[in-house]
Amino acid sequence: MANPFISPAHVDPLSSGADAYSDRFSWEDAPQRIAYFLLVGLTAALLYSYWNMLQLTSEAWNQPQYSHGFIIPLIALYMMWSMRPNPGAQEGPVEQRESLMGLCDADTLRNGSMACGLVAVVGYFSGISLLTGLAGIAFALLCIGMLAYILLGQPLSGVTSAERWIGLAVIVAAYAARIIAAKYSMDPVDRLSFVVALFGLFVLVGGWRLISWAGPAVGFLLFMYPLPTVIEGRLMPNLQKLAAVCSEISLTILGLPVVRQGNSIFVDGMPLNIAEACSGLRMLTIFIAMTVAMAFLIKRPWWDKLIMLLSAIPIAIVSNVLRILAIALLFMVIPTDWHMFGVDMEEVFHRTVHDYAGYAMMIPALGLLFIELKLLSLLSVQEEGIEIHSTGVGAPGAYTPQ
């Protein structure tokens with residue numbers, strides 16, 4: 001079965017024809033071998049040159065609304081792994097799997113990278129900032145190692161001079177933007193320049209052919225950044241007000257006595273403040289990121305994906321309102337003056353429910369998205385595709401995933 005993410009008939013628009021590149025990776029092919037190590041090495045160098053910016057970004061991950069930031073690079077790597085054109089290099093029969101120039105096989109490279117990830121996780125949950133010290137080094141090695149694992153066996157040939165000049169120009173423009181951002185303290189521009197530079201690097205080494213399956217993962221890295229302060233400052237109050245109004249209406253429909261004063265709700269005399277943490281910004285950013293990733297990974301018509309993306313914001317808002325309703329109802333059933341072993345259990349319960357209800361609401365949000373996709377599948381007529389193989393694809397002995 002052909003890879004659902006890559007068209008088998010894809011021809012490089014800047015090449016002279018289907019024979020301008022090889023569809024199979026080989027360590028004996030010097031240009032591909034050089035391209036592989038260049039891509040991995042220059043990505044590591046780019047990561048190092050932007051490390052101070054990434055460390056500042058990781059500080060924002062300590063805020064509740066951006067606590068998902070550290071997982072975005074891992075999701076991006078998963079997207080790249082899922083969309084790679086030659087999955088047989090890592091998943092085929094053992095004798096057909098690629099190795100790193102015979103030094104180690106693909107599984108060893110993957111397991112070593114995951115071991116670095118384990119060190120980063122232990123450091124993170126020990127209270128160390130993720131991109132600081134040993135945890136930061138381990139996280140960087142995890143990302144670079146998994147990139148090297150994913151690229152094993154993927155064709156990296158046929159890049160034209162025009163593509164290389166375009167890639168180089170993009171990198172130069174990205175670093176120029178970073179210099180300007182550093183001079184005028186424009187953090188959002190500095191963060192954006194990293195993704196632009198990485199995109200240019202992929203074009204420089206792998207051309208549009210590499211971008212066709214790795215580009216979405218590179219762009220997805222934008223979700224690891226916090227929103228610019230100006231946008232967040234305008235968005236947060238509106239989300240707080242919307243959450244308060246919708247919660248007031250919902251509680252009234254349930255027959256509860258509700259009085260709203262600004263962003264505070266009094267349910268049967270019990271105050272419930274819709275603070276910034278309850279605005280729904282965290283749910284909004286996380287759920288939109290997840291929806292974008294799903295849109296790239298699922299095999300559905302483009303209009304289904306568009307509807308799914310457009311529905312991400314209302315689903316996130318509904319889920320946040322459900323969270324506030326659940327908190328209000330649970331707070332009402334907990335007796336006041338509840339103590340156990342000298343501990344104020346009411347305060348402990350309130351804090352626990354408030355902190356973890358947001359994570360629990362991801363379940364109904366995904367449930368609503370699943371129902372939406374089911375309904376769209378009933379309304380959409382699936383098109384029957386005809387696979388067209390270009391020269392070199394489907395060669396004898398090539399691994400084809402079932």
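Glycine is no exception: its Cβ is also placed from the backbone N, Cα and C atoms.
TrEMBL does not curate its annotations; it predicts them automatically.
Features of the protein shown, as given by TrEMBL:
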type: TRANSMEM; residues: 34-51; note: transmembrane segment
type: TRANSMEM; residues: 63-81; note: transmembrane segment
type: TRANSMEM; residues: 119-152; note: transmembrane segment
type: TRANSMEM; residues: 164-180; note: transmembrane segment
type: TRANSMEM; residues: 192-211; note: transmembrane segment
type: TRANSMEM; residues: 279-298; note: transmembrane segment
type: TRANSMEM; residues: 310-336; note: transmembrane segment
type: TRANSMEM; residues: 356-376; note: transmembrane segment
Check: Is the transmembrane segment (356-376) close to the transmembrane segment (279-298), in the sense of at least 3 CB pairs under 8 angstroms with a sequence gap of 6 or more?
Finding: yes
Check: List, by number or range, the same-chain residues at least 6 past the transmembrane segment (192-211) whose CB is under 8 A from its CB atoms?
Finding: 10, 12-14, 21, 35, 38-39, 42-43, 46, 50, 53-54, 154-156, 158-160, 163-164, 166-171, 173-175, 177-178, 181, 218-219, 221-222, 225
Item checked: Contacting positions for the transmembrane segment (63-81) when only residues 6+ beyond its ends and CB under 8 Å are counted -> 57, 124, 130, 139, 143, 146-147, 150, 213-214, 216-218, 220-221, 223-226, 276-277, 279, 281-282, 285-286, 289, 293, 296-297, 358
